[in-house]
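One structure below.
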Amino acid sequence: MQELVPHTTAIRPSPFSSLRARYFSTPLNGAVTLVCATVALWLLWSAFDWAVLHAVFGTGQREACLAAEGACWSVVSSRWRIVLFGLYPFEEQWRSGLACLVMGAVIALSCAPWFWNARRLPLLWVTGFATFYLLMRGGFFGLPVVTEQNWGGLSLTLFIFAAVCILGMPLAICFALLRRSKLPWIARTMALVIDTIRSLPLLSIMFTFAIVLPFVLPGWLTGDKLYRVIVGYALFFACYQAEIIRGGIQALPAGQEEAAMALGLGYWHRVGYIVLPQAFKNALPPTINQVVITFKETSLVTIIGFFDVMASGRAASGTAEWNFAVIEIYVFVALIFFVFVFSLSRYGAYLERRLDVGRR
Amino acid sequence: MKILTGLLLTGTALATPVFADVAADSRLNTVLDRGTLMCSGHNGSFLGFAEVDDKGNWKGVDIDLCRALAAGLFGTSEGHLEIVPVSWAQRWPALQSGDIDVVIKVSGWTQSRDTELNLSFSRPYFIGAFQAMSPASLGAESIADLDGGSMCAAAGTSTERALATYLESNGIQAEVLTFENGDELRNAYFEGRCDGYVEWAPSLAAARVDAPDGAEAHTILPDVIDLEAEGIIVPETDPDWLDVQNWMISSLWFAEANGITSENVDEIKANPTSSAIEKFLGVTPGYGERLGLSDDWAYNMIKEVGNFAEIYDRNIGAGSPYNLPRGVNALYSDGGVFFPMIID
């Protein structure tokens, strides 16, 4: 007679029983689940109803929009060029679009591990940035010059973001190293500078660089308003990022640097091969955080009269025909920000997995 | 007296060479040398005064005045005008630092701006009334009828202050709700959160056109809470540059008063009906030279943007979706407050 073997699979809970165990274990839990699910479904349904079922699509459907109850996506299809390109001359907007693509490609490429190399990465960024600038500015091969005054929309936002990161990151490394200098007066001065800038609001720094500096600096040093703001913003970014990097450096066991010294490595080798790579690995989550914040805060430049993606969004709805469709434009701008910020943070999560930050 | 006349004559003789009477450091010379006028735009839009069309081109009353100025200075605004987007907070510093040459940005003439900020205002080109809009169903015919109700206004603006003063001095009891953002304010009114919506008349007209329940469901009450005179602004130390602004506005009114439009300006130039018009259009010399401009500057201006009525109708008047009546902004002959200065 064969012995009965207990059937193991029977113990595994069926999907239904796990659902019951997790969400309906007691009458109270069941009620809470039901209420929350109803509210969530109702919210989703209303959003879907507004955004799709009762929405008006197609270009120039102003009359239909005024009559409709749902969203008016017609404003986006009629005015999307203003949101993306701002005041860039209409016939030349392909250049602005192409420049955005180039910038996007550079950002995407620099995410690939093959480019993580002290020679390839700077080369990629410098080439990408130069292409972006030349395309936007023009003035060669018969492309008409478009001055920075007329740059706008998404390409301006990307330009400011990229320029701040390119300038700010090396500056941040310098600041962090200076702050850790063995000479007290250098370390203290740097600490004072960093803390001073960190205790000022970004808006006031931008305002100072855009508006106050021209009164103070000699004319040849003033430069275009856009570049002054970028320099100010990069300084602000560098101060925060320097503290993040310093945190990453201080998390390293002292033995790492001492061992490098014992091996006879010079200062730059120690910093470049031992300290910074590990510090960056430690500081990766807050660095991604800082980059995301930097991207989002570019919209502060509207205050000093730049036509970034937020301002051009307002210009897109700010006309007699479309003044009622403000929400739709804001949703569109929010989507643009979402696409960028969400990819940035997902990329950060991928990096953390890859570098195994959690375990070390 | 003879000495005085003599002095004046010598003065005139010295001033005869073109541009000679314009101060060397005047913004006028800077602009003419540079070959472009940098005029104030917006970071976003201001309905009817500075908007962006589907192709990203600026339009509006303020923008047309910028175009008129550029056309007067250079013969045409094409290639000679840059609209620099500036925010509200930035307009004065941008003017002082030279980022822009002139502020044409629906800016009210107030005492503190005129004195403490060292700005010079041209004659007003637009009188903006603060008025109230109310749902027609309430049957209100004046603000006094809203006694005991609530009013919505933009927070921290001159509108809010003017409304408080008005309510106080007229003994009207009303709750004032304020909103930071113009869109929020408008939505609050259309959602029925207040009985009166207090705003600048052109904005009220714009909101009424787009009312979700139709324009007829809302009435703009005739009471004027306060008036704001919008002028063109230049730095205080530059009378020559200010003269150009004043005479530009006066020219637009002069053309309107004499029926000169962008359509018929060539005909009238060929057969001027009076010596003043002859001078105005540059047929006989003097009108531009005294300002340091070419004598046909007013002709170029009218040819490009038209007279004041054309600018108004195209952007906020009958020819636009806002359909705002001229009202107090008409010429004196039509019941308004504007009049051209004398051309001698």
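Numbering starts at 1 and runs along the chain as it is shown here.
Note that Cβ sites are derived from N, Cα and C of the backbone, with glycine treated the same way.
Residues or ranges marked as transmembrane segment by TrEMBL: A:28-48 (among others).
Taken from TrEMBL, the feature transmembrane segment applies to A:94-116 (among others). Residues of the same chain lying 6 or more positions beyond the ends of the transmembrane segment (A:94-116) and with a Cβ under 8 Å from any Cβ of it are 84-85, 88, 124-125, 128-129, 131-132, 135-136, 138, 143, 146, 151, 153-155, 158-159, 162, 347, 354.
TrEMBL lists A:123-146 (among others) with the feature transmembrane segment.
As annotated by TrEMBL, domain 'ABC transmembrane type-1' applies to A:154-343.
If you look up TrEMBL, you'll see A:158-178 (among others) marked as transmembrane segment. Beyond the transmembrane segment (A:158-178), the same-chain residues lying 6 or more positions past its ends with a Cβ under 8 Å from any Cβ of the stretch are 100, 103-104, 106-107, 125, 129, 132, 136, 151, 186-187, 190, 193-194, 226, 229-231, 233-235, 237-246, 249, 271, 276, 291, 294-295, 298, 301, 306, 308.
The feature transmembrane segment is assigned by TrEMBL to A:199-220 (among others). For the transmembrane segment (A:199-220), the residues of the chain that approach it from at least six positions outside its boundaries are 228-229, 231-233, 235-236, 297, 300-301, 303-304, judged by C-beta separation under 8 angstroms.
The feature transmembrane segment is assigned by TrEMBL to A:322-344 (among others).
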